[in-house]
Structures are given as C-alpha cells and as structure tokens.
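Below: one structure, written as structure tokens.
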C-alpha cells in the first residue's frame, strides 16, 4: 500500500510511484517523474 497525493508521509518510500514526501509539510507530492 502507498500514500496518495497530499497524504501524510514520513519518507519518500511511503508515497505512491512518482510521488515524494515533502520534508517540511510531511505530505506526498509529485516528484517530477513520469
């Protein structure tokens, strides 16, 4: 299972593919990959 866009996270691996964890806001956002 993975965290979707704007879901809470602690690290990049928590997030779904093509999403990364924003360290300041602690949510998953697009990491720029396709």
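Yeah, the Cβs are placed from backbone N, Cα and C, and that goes for glycine too.
Reduced to three states, the DSSP call for residue 16 (disulfide bond) is coil. Sequence-distant contacts (6 or more apart, same chain, Cβ under 8 Å) of residue 16 (disulfide bond) comprise 2, 3, 4, 5, 28. Taken from Swiss-Prot, the feature disulfide bond applies to 2-16 (among others), supported by similarity to another entry.
The disulfide bond feature in Swiss-Prot is assigned to 9-21 (among others); the stated evidence is similarity to another entry. For residue 21 (disulfide bond), the number of other Cβ atoms no farther than 10 Å from its own Cβ, over all displayed protein chains, is 20.
According to Swiss-Prot, the disulfide bond annotation covers 15-28 (among others), on the basis of similarity to another entry. If you draw a 10 Å sphere around the CB of residue 15 (disulfide bond), it holds 23 other CB atoms from the protein chains shown.
Classification of residue 34 (isoleucine amide) by DSSP places it in coil, neither helical nor stranded. Residues or ranges marked as isoleucine amide in Swiss-Prot (evidence: experimental evidence): 34.
The number of other CB atoms found within 10 A of the CB of residue 2 (disulfide bond), across every protein chain shown, is 12. Around residue 28 (disulfide bond), taking its Cβ as the centre, 23 other Cβ atoms fall within 10 Å, counting all chains.
Within the same chain, the residues at least 6 positions away from residue 34 (isoleucine amide) whose Cβ sits under 8 Å from its Cβ are 18, listed in sequence order. Rounded to a whole number, the C-alpha distance linking residue 15 (disulfide bond) with residue 21 (disulfide bond) is 7 angstrom.
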